[in-house]
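Residues annotated as domain 'Phosphagen kinase C-terminal' in TrEMBL: B:24-255. The feature ATP binding site is assigned by TrEMBL to B:27-31, B:92, B:126, B:177-181, B:208-213.
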């Protein structure tokens, strides 16, 4: 089938247009589709970063109707990452961080964003790198045991709870001795 | 090049193996996003930094082996022709993003192509590990070990509260995307899938067609993956995905059985018609080809067709993508030429089986 606009190239795009209830079949080549406005050049207008930045803006000023208002509402001094130079405004526009430091720079402001993207979560609960992790491993373990302890106390299983408590003490000792090495 | 040779090159060795539940689950994948602590993410890094990372990978990991994964080779994007890059995308070894956005991108690929590490994609490091069939736990275990191996020499960007730091906020935390590729023809035929997708989405998982645009799933192949990466451990994410996949497998098997019981002849007719089209057509568009391939694969799984191996769907879905067709033809092809080539490649491929 040839393109109904230029009658030269083959029609590679086929769609049905419905305008005010009138149905019209359209068969065009890609070039004409852009030129005649059947397709928008900017296919990225519905891309993830755009959708994300929508979320962020919504977040920073829920009722936002005018742009000016939003920016005046946002706290001056401008938040900018000292390592890569990305500002918080830029971050909300592109929906991407510039470097690892950005996470610290934007800090608490990120919590609502993470919660939105990750079903209410804002704190990591998974793997810790082996080598770099240092005492994070132990601290995570202590945290886990503490939760278990609370749970046991609530359900009045005191014998189990005592065991867990001892374990926590042991872990804490282990951590302190590692840290203490330098001081002594 | 003979067709057989071409196929051998085109199909990753791991794909030839059959995994558990491989009548429905084609493959399992774990992807981990990681970054260097000290270097800005690729989106803002300067060229020297990115080149430095490439050199580092070449030096430290080029020609190295880890476990079952041997002879890693660093393939630099700027040294490939566009068709070659397209072929890597169609084999799922690299992403379209790596091709489009990165002059400084590369992929570190193991000999059996089970592991592919994209370097300087959206993140500095994207580890991908594949297993045939339904083997998410195994894939997670090996991906994690491989991750540890890389970490011996790399200071990862990691924060105690936020986890592994990534360029996009949707990947932060575990940096992990676990996914399975599933062939679900019966759920599509009975239209059950339309009810199931929204339900699965509510569980924090994403279902999408792996080939084809938007929601359309060419060849009835769907990819199911986790959406959430923060606040849940890797094991929990994989467990959740696993339980949903298990249910889908069961539903698909039930639907297949029901169709066979209720309209066996019609199903058999549909399958053999599709087989007829594949073995005889002279022009075939990818949409029709993938539909027929899905029917034939179903026919193999249900025992209607016996002389063709199961891997045919996966294999021909990849081989008949534009990049591969053009590589086989050794030149650029117009869409019409591709349809002709596609038809003849499929015919030849089926003939290989008949001659055995």
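Yeah, the Cβs are placed from backbone N, Cα and C, and that goes for glycine too.
Keep in mind that TrEMBL annotations are predicted by a computer and have not been checked by a curator.
Fewest other C-beta atoms within 10 Å: among the binding-site residues B:126, B:208, that description fits B:208. Within the same chain, residues at least 6 positions away in sequence whose Cβ sits under 8 Å from that of residue B:30 (ATP binding site) are B:127, B:128, B:129, B:136, B:139, B:140, B:143, B:176, B:177, B:178. For residue B:27 (ATP binding site), the same-chain residues lying six or more positions away in sequence with a CB closer than 8 A to its CB are B:15, B:19, B:130, B:131, B:132, B:133, B:180, B:181, B:314.
The predicted model assigns the domain 'Phosphagen kinase C-terminal' (B:24-255) a mean pLDDT of 91. Counting every protein chain shown, the Cβ of residue B:179 (ATP binding site) has 24 other Cβ atoms within 10 Å.
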